[in-house]
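Quick look at what Swiss-Prot annotates:
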type	residues	note
BINDING	Gly170, Asp171, Arg172, Gln173, Thr174, Gly175, Lys176, Thr177	ATP binding site
SITE	Ser374	site 'Required for activity'
Amino acid sequence: MQQLNPSEISEIIKKRIEKLDISSEAKTEGTIVSVSDGIVLIHGLADVMYGEMIEFEGGVYGLALNLERDSVGAVVLGDYKDLAEGQKVRVTGRILEVPVGEQLLGRVVDGLGNPIDGKGALETTLTEPVEKVAPGVIARKSVGQPMQTGYKSVDTMVPIGRGQRELVIGDRQTGKTALAIDAIINQKGTGIKCIYVAIGQKQSSIANVVRKLEEHGAMDHTIVVAAGAADPASMQFLAPYSGCTMGEYFRDRGEDALIIYDDLTKQAWAYRQISLLLRRPPGREAYPGDVFYLHSRLLERASRVNEEYVEKYTNGEVKGKTGSLTALPIIETQAGDVSAFVPTNVISITDGQIFLETSLFNAGIRPAMNAGISVSRVGGAAQTKIMKKLGGGIRLALAQYRELAAFAQFASDLDEATRKQLEHGQRVTELMKQKQFAPMTVAEMGLVLFAANEGFLDDVDAKKVVPFEAALLSYAKSEFGDLLAKINEAGDYNDEIAAGLKSCIEKFKSTQTW
């Protein structure tokens, strides 16, 4: 056995002592001063960051939102009934993060990314911060690819491009959610991943949306983030940011994603509630001063990023691909008042709006889109050739029809040209009607728009336009399938395609009388 002499032993001990890391990690502890309505006032947290996760006793977390000289105001993320005055609070040194990745597709999660669908734990280990800075101007690319919703009226008159923010605004019960759900269903087979964020809705409504998505095979490419009406205001405030982070995962890897916020009015209400409870000074309509920033920092994250950004983000793994995150925020108005605080804010942030009207909805025109004030500021550049060529006449026909219809109420005798224009407008209005859960392909839209533009509907009674359209599409699918496939593939419009569409409609009309 080898003998160690005392000098060697002391030398080893000295080396060990030199290597020993005695710098301990000091973390401050605070004490709860008061708890009320999900807001906790804490004394003694010196080194807390804004937006940092703080840990209460019992494994409950909170979010530091008010940093004052001698106290910290935090919002509890979850149940606060077990929190009491005098309990200890610790800082975590972490900003709030949520799970991201392909494994979330087909799942229903809460505002923090915890699964709530009873299908077990998430298989992803990747997490990313909830709050992120939007890509800068240099990292972006202009919108140039279409994002088809499957609705004739939307895709012709207010086209949406990948990376655009298009507001869907209207009173309650005007079909806002229906339009968004159909847009998700229409992305089946396109490779676009979808995120549906439900904010402040009834649990039964959220369950109904999930069931409809499952029935139409759309849950495979969709993540549902749910912060229901019964969830704390903190969850309703955070859910849109969590959903956006999940969507950015796909965008930053050169893929396309679509996110729907249903609806941001309720997020603004939740934030107003939190701000008032934190005793922040109220402004217009009792909203805090930064309610514009609340929505702008969220919606600016929806963008189309260029190849360099994607390549840099993925460390060269993905090359030559652009990524996009398209946002469809929904805003609920009160009695059609679009000049209220939150609607005007979001209108100014987004790249256009689809305005849904109660009067049109009740008149059976669904989707109930007002073509006059609905607009897409950047989507025109992303439209396919066939939609751009054939869709122009539709907006004009509808605008003229609305104007003449108002005038015709007072005039008893109308000249022939005016009467023809009115009848054409009436048929186009009927043609724009579309049932829910029945999205159309580009070729199908092109066919019916061609029929309207070329006067093939002029001898069809206005009341029979909808059945005429259904019969025409059925005939085209069986007899002219190759033509439709060709249009869907390229979206082009030339003399050959125009001749093919004309031949299809003429042959159809020769077999049936309308």
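From the backbone N, Cα and C atoms, a Cβ is placed for every residue, glycine too.
Feature annotations (Swiss-Prot) mapped to structure.
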{"residue": "Gly170", "record": "ATP binding site", "Cβ contacts under 8 Å, 6 or more apart": "Lys176, Glu332, Thr333, Phe355, Leu356, Glu357, Thr358, Ala368"}
{"residue": "Asp171", "record": "ATP binding site", "Cβ contacts under 8 Å, 6 or more apart": "Glu332, Thr333, Gln334, Ala335, Gly336, Leu356, Glu357, Thr358"}
{"residue": "Arg172", "record": "ATP binding site", "Cβ contacts under 8 Å, 6 or more apart": "Glu332"}
{"residue": "Gln173", "record": "ATP binding site", "Cβ contacts under 8 Å, 6 or more apart": "Thr358, Phe361"}
{"residue": "Thr174", "record": "ATP binding site", "Cβ contacts under 8 Å, 6 or more apart": "Leu356, Glu357, Thr358, Phe361, Ala368"}
{"residue": "Gly175", "record": "ATP binding site", "Cβ contacts under 8 Å, 6 or more apart": "Leu356, Phe361, Arg366, Pro367, Ala368, Gln436"}
{"residue": "Thr177", "record": "ATP binding site", "Cβ contacts under 8 Å, 6 or more apart": "Ser205, Val209, Asp262, Ile330"}
{"residue": "Ser374", "record": "site 'Required for activity'", "Cβ contacts under 8 Å, 6 or more apart": "Met157, Val158, Gly352, Gln353, Ile354, Phe355"}
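Annotation note: Thr177 (ATP binding site) sits in a helical segment as assigned by DSSP. Sequence-ordered, the extra residues of this chain that approach the ATP site, with Cβ no more than 8 Å from the Cβ center of Gly170, Asp171, Arg172, Gln173, Thr174, Gly175, Lys176, Thr177, are Glu332, Leu356, Thr358, Phe361, Ala368. Secondary structure from DSSP puts Gly170 (ATP binding site) in a beta strand. Neighbours of Lys176 (ATP binding site), defined as other CB atoms within 10 A of its CB across all chains, total 24.
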